[in-house]
Structures are given as structure tokens and as C-alpha cells.
Amino acid sequence: MGRFRGGLRCIKYLLLGFNLLFWLAGSAVIAFGLWFRFGGAIKELSSEDKSPEYFYVGLYVLVGAGALMMAVGFFGCCGAMRESQCVLGSFFTCLLVIFAAEVTTGVFAFIGKGVAIRHVQTMYEEAYNDYLKDRGKGNGTLITFHSTFQCCGKESSEQVQPTCPKELLGHKNCIDEIETIISVKLQLIGIVGIGIAGLTIFGMIFSMVLCCAIRNSRDVI
């Protein structure tokens, strides 16, 4: 009986440690998602009227999952401390929802990468052509693109040189830069999503083991 209670206590503390880590991970995920969505150059691009909102769906899901992770981390600590099967069962269900959300984020980031790249490239080409037709019409949009991706023009930068960053050294094709930068960012989002999903699996295992151990301890008593 003493060994059984010792094992139960060990599992409980493991779950408490997991929930602390999970809470911290949730905070990091929220900070990461908000910085990616509203920080720096991405903020400038997202302010455009033609901004592809679906491009940010993965980030919205990531931030929402991060907030849920923080709440669930606290919820799981309460369940472990009180040794409540009901609370632990609810905790497992919440982890399952977070797992699904994070997997969705990761899959969307990897699979939707090509669509997002093509959409932003099309936006740039439209702004580029508008500028060539009317130097005032697409001026602001083109400046935003060039500043965001630190590039200038397509095959040549001579026709759009006034809209290019002054600090830019040499010529960088915007079509290529858009593909490179968006690909890297979405891969990072996907890796974070899948990584958190993997962490969630351990939480589900710990919660179920503790729940079963609590039930068995009560049966023994």
C-alpha cells in the first residue's frame, strides 16, 4: 500500500511539473503568435486592404490554443492536487482539443504554404503593375511590400527604384524574396504547432495514468 501511494504521489508531481511547463509554453505560444501577427514588417503588410486574412488563420489558432493552454495548465494543477477524477477527465478532454488545434495549425502551415505564397506574389504583381500604369496609384502598397520583404522590383529594379528601401544593397527580386520569407515563417509556425501537439500527448498520458491510479487506490481502500 505504501509503494502504491508513493507511486501515486510520484505521478501527481510529474503531472504538476508538466502543467507548469504547459502553462509556460502557453505563454510563449501567445507571445510568439502575437509577435508574428502584429510585430515588425508583417504588421505593415497586414494593414493593406488586400491583406490575405486566411494567411493568418494558423496564427489565430495558435494564439487561441496558447490561451487555452494557460487556462488548462492551471486547471490541471487543481485536478492533480485534489486528486479529482472528474477534473482530470475534463483536463484530458481539454488537452485533446488543444492537440487537435495545434495539429491543425501545423498542417495548415505546411500544406497552405504554397497557396499563401502565390496569393502574396499576386498581390505584389498587381501593385507593381498599378504603379507602372499610374505612379501615384500603387505607390504606398509597393513601398510597403519593398520595406516588408527588403526587396526591389522583379527582374529589374530600375522602373520602381523610387519605392525601394534606401538602405537596400544590390537588387533582390521580390517574387523570390516573398517565397523565401513566407516559406520560412510558415515552417516555423508549423514546427511550433506540431511541437506543442507532441508535448500535449505526454499530458494526456500523465492525466489518464493518474486518474486510473486514483481509482485503483480508492478500490483498494
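Glycine is no exception: its Cβ is also placed from the backbone N, Cα and C atoms.
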Membrane side match, R9 / H146, Swiss-Prot record: no
Same-chain residues at least 6 beyond the ends of the transmembrane segment (189-209) whose Cβ lies under 8 Å from its Cβ atoms: 11, 14-15, 18-19, 21-22, 25, 29, 32, 36, 58-59, 62, 65, 69, 76, 79, 88, 91-92, 95-96, 98-99, 102-110
For the topological domain 'Cytoplasmic' (1-13), the mean pLDDT of the predicted model: 67
Those residues of the chain, 6+ apart, with a Cβ under 8 Å from that of N139 (N-linked glycosylation site): Y131, T163
Contact set, same chain, for the topological domain 'Cytoplasmic' (76-90): CB under 8 Å, 6 or more residues outside the stretch: 8, 12, 15-16, 18-20, 22, 203, 207, 210-211, 214-215
Secondary structure at N139 (N-linked glycosylation site), reduced by DSSP to three states: helix
